[in-house]
Structures are given as C-alpha cells and as structure tokens.
Amino acid sequence: MYSTALLGNTLIITVICTDSTLQEPMYFFLCVLAAVDIVMASSVVPKMVSIFSSGDSSISFNACFTQMYFIHAATAVETGLLLAMAFDRYVAICKPLHYKRILKPKLMLGLCVTIISRAVISVTPLSWMLSHLPFCGSNVVFHSYCEHMAVAKLVCADPTPTSLYSLICSSIIVGSDTVFIAASYILILRAVFGLSSKNAQRKALSTCGSHVGVMCLFYLPGMASIYIAWLWHDVVPMHTQVLLADLYLIIPPTLNPVIYGIRTKQIRERMKMLLTCFLRKGS
C-alpha cells in the first residue's frame, strides 16, 4: 500500500510539473496534496514495516517527536488542502465565468502559505508542551507510531493541558474545515441538479461522491481516534484505536492519486503518454 501511495503521488507530481497544459489551480492544489501525502505516508509506514519485518520497535526520543510533528503537521495541511480544493471546485462549477479572475496565482500561493502556516502554528506548541514534560516511567508506546495521545500517557506529570490542547485544536481545525467543505459541496450539488443533461448530472455526482468518500476515510477515523483516546480509551480495545489511527494516515494517501488524479481525463491521458514513452525506451 505504501508503494502504491508513493508511486501514485510521485506520478501525479511528475505529470503536473512536466506538462505546461496542467497549470490550472486544481492541478496546483493536487500537486501540493500529492507531496503532503508522500510526507504523511513516509512518516509512518517505513517504521511500521521495520517493526513487522525485523521486530525492531525501538525509536529514539528525538526521532519519536520528529515523527509526531510531521504526522500532525501533514494532517493539518491535508485538511486545509481538501478545503482549498473544494473551494476550487465550487468556483469552477458555480462561477465558471469568474474562475480565472477569482483563483489567480497570487491567491493560490496565499492559500498554500496560510494552510502551511496554520499547521505550523497549531502543531508546534503541541510538540513543545509534550517534549518538555518529564518521562520517567514506561517507554513503551502502545501504537504503531508516535501518536500524540499515546506518547502523552507515558509522562510522569499531568498531561491534561497538552491533551486538551490537542483535542480543542483538532476540533477547531477539522470542524471549521468540514463545515466549509460541506457547504461547498452542497452548493455544487445544487448547481449540478440544475443541469439539463442527465449524463452531466451522473458524472458530477460520481465525482463528488468519490471525493466525499475519500474525505470521510480521512476525517472520520482521524477524529474518532482523537475522541476515543481522550474519552473512551478504557472502553474501546487498543487494537481498534491503533487501526483507526492508522487508517486515516495510510488509506487516503493511497486513494487520493486515483480519486483526484487518474479519474481526471487530462492527467490520465498524460500518464498514458509517459508510460508509453517509458516502455518504448525500455524496449
């Protein structure tokens, strides 16, 4: 699955960066999303593979906090990008005549800088607070990676402030993003149902449905993992908590290249051209 995510997202980045015709805002956001997906998957999977293959489950203190920082920062960036892409689709479908006037390169760059800045500003205090707490007990993290709540359980002091910050910050970021994403898709669906062509309606509904499906696989397990770790960690089995925490980090990076990339006609055709050229050179 990691190989699929790595190959798929690398292909998306290569196709978009090498094709001058794929310079619309949608492809710009898709390219950034692919890069974030690579970071997200690469922060988790290689260590998981090492654990299962060699049995070496050790990780240094600094490496653990570095992994935790990149995982949570990438997650915060991803949710912001999904919102930006939903806004892009809203403008493209509901205000097509104003698309280029609204989504100018300056606005796109500003959105990306804002999304990344928000992630850094929200995640940095979280990692700083936890790293400055004393660790003097067990050093076994009951997770497949250095998940914040799991690491917070190992401290000797009261972890409530950092855990509460994580819960509130995640709820605000994800909550606000999902509200705006939902509003965008509701407006898109309203415009789609106003189309006279039934075929166009089916295509639009299929595209929107697949987008929403991938978003659900990202948001639902992620938020469920956070709230279960905070409120119901004694009720829900640990293997279920680990599975939920792994799902939102591994499944979306694998599916995003297919849902957002290969299903897009221009990218699919460009990929065929690249693969054809590669096979000809190989033969």
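Note: Cβ is positioned from N, Cα and C throughout, glycine not excepted.
Marked as domain 'G-protein coupled receptors family 1 profile' by TrEMBL: 8-260.
If you look up TrEMBL, you'll see 27-49 (among others) marked as transmembrane segment.
Taken from TrEMBL, the feature transmembrane segment covers 69-87 (among others).
What TrEMBL lists as transmembrane segment is 107-130 (among others). If you look at the transmembrane segment (107-130), the same-chain residues 6 or more away from its ends with a CB under 8 A from one of its CBs are 25, 28-29, 32, 65, 68-69, 72-74, 76-77, 80-81, 84, 148, 151-152, 155, 159, 161-162, 165-166, 169, 173.
What TrEMBL lists as transmembrane segment is 164-188 (among others). With a cut-off of 8 Å between Cβ atoms, the residues of this chain six or more beyond the transmembrane segment (164-188) that come close are 76, 79-80, 82-83, 86-87, 89-90, 93-94, 118, 122, 125-126, 129, 148-149, 152, 204, 208, 211-212, 215, 219, 222-223, 226-227, 230.
The transmembrane segment feature in TrEMBL is assigned to 209-230 (among others). Listed by sequence, the residues of this chain that lie at least six past the ends of the transmembrane segment (209-230) yet keep a Cβ under 8 A from its Cβ atoms are 75, 78-79, 82, 86, 89, 147, 149-150, 163, 166-167, 170-171, 174, 178, 181, 185, 236, 240-241, 244-245, 247-248, 251-252, 255-256, 259-260, 263.
Sequence annotations record features per position, and here TrEMBL assigns transmembrane segment to 242-262 (among others). Listed by sequence, the residues of this chain that lie at least six past the ends of the transmembrane segment (242-262) yet keep a Cβ under 8 A from its Cβ atoms are 1-2, 4-5, 8-9, 11-12, 15, 30, 33-34, 37-38, 40-41, 43-45, 48, 71, 75, 78, 85, 142-145, 147, 210-211, 213-214, 217-222, 224-225, 228, 268, 271.
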Task: Go through the chain and flag residues at least 6 beyond the ends of the transmembrane segment (69-87) whose CB is under 8 A from any CB in it; none is fine as an answer.
output: 26, 29-30, 32-33, 36-37, 39-40, 43-44, 111-112, 114-116, 118-120, 122-124, 126-127, 145-148, 173-174, 177, 180-181, 184-185, 211, 215, 218-219, 222, 248-249, 252, 260
